[in-house]
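Data block below; observations after.
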Amino acid sequence: MNGTEGINFYVPMSNKTGVVRSPFEYPQYYLAEPWKYRLVCCYIFFLISTGLPINLLTLLVTFKHKKLRQPLNYILVNLAVADLFMACFGFTVTFYTAWNGYFVFGPVGCAVEGFFATLGGQVALWSLVVLAIERYIVVCKPMGNFRFSATHAMMGIAFTWVMAFSCAAPPLFGWSRYMPEGMQCSCGPDYYTHNPDYHNESYVLYMFVIHFIIPVVVIFFSYGRLICKVREAAAQQQESATTQKAEKEVTRMVILMVLGFMLAWTPYAVVAFWIFTNKGADFTATLMAVPAFFSKSSSLYNPIIYVLMNKQFRNCMITTICCGKNPFGDEDVSSTVSQSKTEVSSVSSSQVSPA
């Protein structure tokens, strides 16, 4: 084995030289130079100082502007709450531990941090899945003239939390466990060891299939069908300038949504699965640290893609920040664009974009 396994940790370095120490007791500067830990601190501080205000502003403008409190926007509020969850309970801890060079809060603190970080990340992940399903139902109408209500929206939100708990809670009760990962200053599920007491193999397979593969399939299917629907409607209207603009806007938004999701979760899932299937293989601390930080960065670009790129949300935010005035003019576009002359207007960008 090319790593060192302790009672509740796994350090990706052999202890033949005797330098490996518990990540709960000593700085881990033998894994990476101190400046790399400071770089992590700077990165986490950037995420906190940018993601926290944007997500708080999302909640504020939704509360202040009644026109934003529509059932199709509930999941965006849930996404903002999940991102705030990650920032408050995950990023702040990582910042402090990275500054010290090791996980100073001990095994119990590691389990708590790992749980909250996983919970927030999973709520955000499943919010994107529910968002894709909602857009598919509203635009593609697989159930006919289905009326999407507040009850359906709340059911979708409840589903995200149930799925998140089903992923984050098991390691607290003996199905896998949380331990320091990467540079040993943040915690995640145990992908590294064969310990039969924790049944890590079955948990990792469960997590990979249920909490990554299935969301990817659902998102690709939902947004793929949505784009096809928009193009069909545009073709029926003989590619007028309006329908072409709507088609391009919808396609661009969908591509950004899918790329954002894949950028956040694919690197982490792939590296974690590689470590899981190659236990004992040689890998550096940064191999797991970098993908983990990719997933954390979703708390910043999620609101950018799903909120700030939406005209209605963006204009309401500008109005709120500027004390009731919009210095850029009134370009508010309601998410309930009038459905009158053409079929494509029923699948316009304002309906399939995240508002």
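Cβ atoms are placed via backbone N, Cα and C, with glycine included.
Listed in Swiss-Prot for this protein:
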TOPO_DOM  1-36  topological domain 'Extracellular'
CARBOHYD  Asn2  N-linked glycosylation site
CARBOHYD  Asn15  N-linked glycosylation site
TRANSMEM  37-61  transmembrane segment
TOPO_DOM  62-73  topological domain 'Cytoplasmic'
TRANSMEM  74-99  transmembrane segment
TOPO_DOM  100-113  topological domain 'Extracellular'
DISULFID  Cys110-Cys187  disulfide bond
TRANSMEM  114-133  transmembrane segment
TOPO_DOM  134-152  topological domain 'Cytoplasmic'
TRANSMEM  153-176  transmembrane segment
TOPO_DOM  177-202  topological domain 'Extracellular'
TRANSMEM  203-230  transmembrane segment
TOPO_DOM  231-252  topological domain 'Cytoplasmic'
TRANSMEM  253-276  transmembrane segment
TOPO_DOM  277-284  topological domain 'Extracellular'
TRANSMEM  285-309  transmembrane segment
MOD_RES   Lys296  N6-(retinylidene)lysine
TOPO_DOM  310-355  topological domain 'Cytoplasmic'
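Annotated features taken from Swiss-Prot, shown on the structure.
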residue : record                      : Cβ neighbours (10 Å)
Asn2    : N-linked glycosylation site : 11
Asn15   : N-linked glycosylation site : 14
Cys110  : disulfide bond              : 26
Cys187  : disulfide bond              : 33
Lys296  : N6-(retinylidene)lysine     : 24
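Cα separation, Lys296 (N6-(retinylidene)lysine) to Cys187 (disulfide bond), rounded: 12 Å. Using a Cβ-Cβ cut-off under 8 Å and counting only residues 6 or more beyond its ends in the same chain, the transmembrane segment (203-230) has close neighbours at 122, 125-126, 128-129, 132-133, 135-136, 139-140, 163, 166-167, 170-171, 175-176, 189, 191, 246-247, 250-251, 254, 257-258, 261-262, 265, 269, 272-273, 276, 344, 347, 352. Cα of Asn2 (N-linked glycosylation site) to Cα of Asn15 (N-linked glycosylation site): a span of 9 Å. If you measure from the Cα atom of Cys110 (disulfide bond) to that of Asn15 (N-linked glycosylation site), you get 23 Å. In the predicted structure, the topological domain 'Cytoplasmic' (134-152) carries a mean pLDDT of 84. Cα of Cys187 (disulfide bond) to Cα of Asn15 (N-linked glycosylation site): a distance of 21 Å. A contact between the transmembrane segment (37-61) and the transmembrane segment (153-176) is absent, since fewer than 3 of their C-beta pairs, 6 or more residues apart, lie under 8 Å.
Contact check: the transmembrane segment (153-176) against the transmembrane segment (74-99) gives at least three Cβ pairs closer than 8 Å, residues 6 or more apart, which meets the contact criterion. Under the DSSP three-state reduction, Lys296 (N6-(retinylidene)lysine) is assigned to helix.
With DSSP classes pooled into helix, strand and coil, the tally for the topological domain 'Extracellular' (177-202) is 3 helix, 8 strand, 15 coil.
Across the topological domain 'Extracellular' (277-284), DSSP classifies residues as 1 helix, 0 strand, 7 coil.
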